[in-house]
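So the structure is just underneath, and the comments pick up after that.
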Amino acid sequence: MIYARIAGTGSFLPGEPITNDDLVARGIDTSDQWIIERTGIRSRHLASAEMSSSDLAKTASERALDAAGVRPDDIDLIIVATSTPDCIFPSTAALLQSKLGIRNGAAAFDVQAVCSGFVYGLTIAEKFIRSGSHKRALVVGAEVFSRILDWSDRGTCVLFGDGAGAVVLEAAEAPGILASALHADGSHHPILCVPGAVAAGQVVGDPFLRMDGQAVFKFAVRVLGDVALEVLDQAGVTVDSVDWLIPHQANIRILQATARRLGVSMDKVITTVDHHGNTSAASIPLALDLAVRDGRIRPGHRFIIEGVGGGFTWGAALLQF
């Protein structure tokens, strides 16, 4: 039986931290207290104008490859989860492949499930590996959400940051992914979306992120609890056997509400939203890499990753490191 396991993790945050006070100094009608009380966010990172999602992904990927002890040409599958691709086409995954110097014909494609994207990408990669068609995958979440924010809308622009996280997933004799579940319900698309599009060389409609925060909160807490319980049930284990919970880092209130529903202490929740903001598809692999490198997540530990994002999409996976 072929299984899949994480062999290495990596991440990258562009530039210096941008504090809430820095945003106020830039003219945004908000305050440090207002942002912290509602979101738990104290700072975030924003990419410079010349940096793209594939640039962020490249550095995160190089760090994951180094941690796994493999060369770029050892990768035979590249999946990039992003809602802020470098261009309409080719895929950001193909551009990343070129930047990493991978010339072996590895398959490369993007996944667009917004903040659930990394869970989707990891689950897809695991299926490829377990089928025997591929042996080693590079799965990346990379975003430059600062490009799609309306900086006059203080209800959204203060929430997001830019960054990338990556894992190397490889074939193994013992399971590293114990269970997974993916879901979507497109009827909820109006509560979190970028409604605009490009047509005939013009931007048609609204090109900025729009969100109904209260509706998103209620939906997110419900489905994050449900999908975590779903993967636990699939694996035949209880939440008490899980060492860590790594949710999508949307805001601290969603993390706290999800932990309460699952009966998990916040001490077991990997939290980065305070210093990263919401980095969409990058948030889970960023948090995972941080926890691996600081020694919290160690070999043998079990953890749940889970995300919810525009679409609406949601998903979770139970892993053993």
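Every residue, even glycine, has its Cβ placed from backbone N, Cα and C.
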Can you dig out which of the ranges 154-158, 239-243, 249-253 Swiss-Prot describes as region 'ACP-binding'?
249-253
Helix, strand or coil: which one is N278 (active site) in, per DSSP?
strand
DSSP on H248 (active site), three-state: which is it?
coil
Neighbourhood of N278 (active site) by C-beta distance under 8 A, where only residues 6 or more apart in the same chain count:
I41, C115, F145, L159, F160, G161, H248, Q249, A250, N251
Local backbone state of C115 (active site), from DSSP in three classes:
helix
